[in-house]
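According to TrEMBL, the protein carries these features:
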- A:1-27: region 'Disordered' (REGION)
- A:30-208: domain 'Nitrile hydratase alpha/Thiocyanate hydrolase gamma' (DOMAIN)
- A:C119, A:C122, A:S123, A:C124: Fe(3+) binding site (BINDING)
Amino acid sequence: MHADGDGISDMTDSHTHSHPHSHLPDDPVLRVKALETLLVQKGLVDPTAVQAIIDTYENKVGPQNGARVVAKMWLDEGFQAAMLDDPMPKLQELGYYGRQGEHMVFVENTPEFHNVVVCTLCSCYPWPLLGIPPGWYKSDAYRARVVREPRKVLSEFGLMLPEDTKIRVWDSTAEIRYLVVPERPAGTDGWDEDALAGLVTRDAMIGTGLVQRPTT
Amino acid sequence: MSRVHDMGGRFGDGPITPEDEAVFEKDWHGHALALNLASGALGQWNIDMSRHARECLSPKDYSRFSYYEKWMAGLADLLVEKGLVSEVELETATASGPYALAERQLKGERVAAVLSSGGPSLRENTELPRFNPGQAVQTRTLARNEYVEGGHTRLPAYAAGKTGHVVLCHGAHVLPDTNAHGLGENPEPLYAVAFPAQSLWGDAAAEGDEVILDIWQSYLSPA
């Protein structure tokens, strides 16, 4: 145990007094193993639940869900209007509801405004629609920089916006989760939902990418 | 005043490498996430407490730990703080105490139902919204918790003492500043507030760009 020396004395803020995690092994692989072994031994965690959670986010829930919603919005004006007004009833109907997606807001890109989403304080992200966030979304560099210099950050993704496009950076500081609705690319008239959904990338729904029609 | 997690606007981080990696880059990442969710389902803490546990890591640990190492450390600290495991058990990776709460264990077959039922933070409002869309508002001068010294808050330092305007009213949501410390949910109106990027970062930011944050009513005053 060690004091972290930040001088805070309030007794209710007990995290600041000691860091029990320092008892665990240094190697993260062993650290996770030690904790899992202990929690299973104590009957606090069911190993089949651990596998079920991993399987959910590896195989079942991911950006294909968000892509489906975006494609529907492009195709159906009524659905689009409902999603922009209050998306939760429709998302519940579609089965795209759950942990970290309880309060969704969809923000649309236009020629005038480009939206991009971050969580500077941690890594808040709309899990039921996009799955688990990619490494870069959780990185210090993205969290620290995209609010201050979005154009430079977007250029690192290969995204160069016209100078007269205004950028709106959404910092997810509460339980509201934002999803960017990219612009539908030209030349996709008559495409069906599956084909359109196939174009919508995870990055386009975070705002670090655009949706492009394949050139081949 | 601030803690290490509050890094919005910080200088010094390098370029971003947008690699398209696997959902769980390493096997233990998935386990770290799953252990957090399965332990959370025991109902001994809320999401604000788990966020606070991670941000209470020492700046040295916070910086050197990878993402899921922070989750593991926060979880270990919470398990001990709430009395679910002892420090000796952590050190020996061997259970010695009573199997408290084992009856609340999240069973594998319940995982899908629990994940898809979520944990909404919207509450029936008891406090009326003081602000309307379009209205100018100012954030509190310091990004600090008003209840607990050094406590949890969701106002980033870069947006403290700034003037913006309300763009959305989200209804009343649980207040993290109290909920993280067992002081009750105290739901209050939550707003999306837009700030001109230049008001946050000066002339280096582009005119017309905005940063929009979700901000609780008690963090705001009329501007």
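Glycine is treated like the rest: Cβ placed from N, Cα and C.
Remember, TrEMBL labels are computer predictions, not curated facts.
Given the structure is predicted, the values throughout are model-derived calculations rather than measurements.
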Inset, instruction - Using a 10 angstroms cut-off on Cβ to Cβ distances, just flag whichever of A:C119, A:C122, A:C124 is the loneliest among these binding-site residues. - result: A:C122
Inset, instruction - Let me know how many other Cβ atoms fall within 10 Å of the Cβ of A:S123 (Fe(3+) binding site). - result: 20
Legend entry - Residues from A:C119, A:C122, A:S123 facing chain B - binding-site residues, CB under 8 A: A:C122, A:S123
Inset, instruction - Note the Cβ centroid of A:C119, A:C122, A:S123, A:C124, the recorded Fe(3+) site, then list each other residue of that chain whose Cβ lies within 8 Å of it, in sequence. - result: A:T120, A:L121, A:Y125, A:P133, A:K138, A:R143, A:S172
